[in-house]
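Okay, so here's the structure we're looking at.
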């Protein structure tokens, strides 16, 4: 039976002592994953800039002066060259992003070819192309696309302060089409947009209460880019960021949690705490679309220090709800059993 989360349950989690939250998250993580293994993906911008949307965090919006170099859709040869390099570096998934509001019909055949050719390299494929209309999700799935990324970004109530060119329901509708098509969902959010705790809670509830939780959940720390409306936004507290990673793991125990944008500005200790809290995937490479990312040598050094091994093979996940007694422990705050991931 799938856990149905509500605000009170999640708020109670956030109210617990920091180390209690991490302890529970690590136990749940070990129940479902090899805690010393990390999945590597590579993200390539296949069409950059001139996006008509007004997402306040995004340097690719045509509405902001961010000095982003506008690039037209890459050729198949260019994409495959990057995919081959990604595989050589250890990535098991190749993600492709296009700065569109939605894919145009004229590009669908090319996208189909790209998917099929990348898969021939033995890589999983993921695309983020904006809102999907009509039968586009079905056609991408038929072409062999494994994952479709479409982030919710933040809570429904805060969303309108960040994006006005597409609605929250538009995003949810796209996720429904993706799930119905048979593709796996990659969907998460951005922390540090100026949201409150309640917004983080509502975002996690929205994700976890989808018909099936996303198989992949990217958690981003806002990268403040000069020229965007959020360039001077106050940074999220590091402990609040780590705590949110941990509670994401508790709420969605079998999903891969990707520590995504913002790692370039995180020290090794912060990243290590995120991995301890249940993050088990990263993007490999010096750039995420248009924002900086740690160089592979730096990541390799960190993995070596932490004893983390790169996951080379894809395995089927066990989506059963947890029932191990080790996930139950006593909260001194309430003098009663604090949490049972099976019965919540």
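Glycine residues also receive a Cβ, built from the backbone N, Cα and C atoms like all the rest.
[2Fe-2S] cluster binds 95, 186, 258 as Swiss-Prot records it, and from the list 58, 126 the residue named for this site is 126. Cα spacing between residue 186 ([2Fe-2S] cluster binding site) and residue 58 ([4Fe-4S] cluster binding site): 19 Å, rounded to the nearest whole number. If you average pLDDT over the domain 'Radical SAM core' (36-260) in this model, you get 94. Using a 10 Å radius centred on the Cβ of residue 95 ([2Fe-2S] cluster binding site) and all shown protein chains, the other Cβ atoms total 27.
Taking all protein chains in view, 26 other C-beta atoms sit within 10 angstroms of the C-beta of residue 258 ([2Fe-2S] cluster binding site). Spatially close to residue 51 ([4Fe-4S] cluster binding site) yet at least six residues away along the chain are 58, 60, 61, 62, 99, 100, 101, judged by Cβ distances under 8 angstroms. When other Cβ atoms within 10 Å of the Cβ of residue 126 ([2Fe-2S] cluster binding site) are tallied across all protein chains shown, the result is 24.
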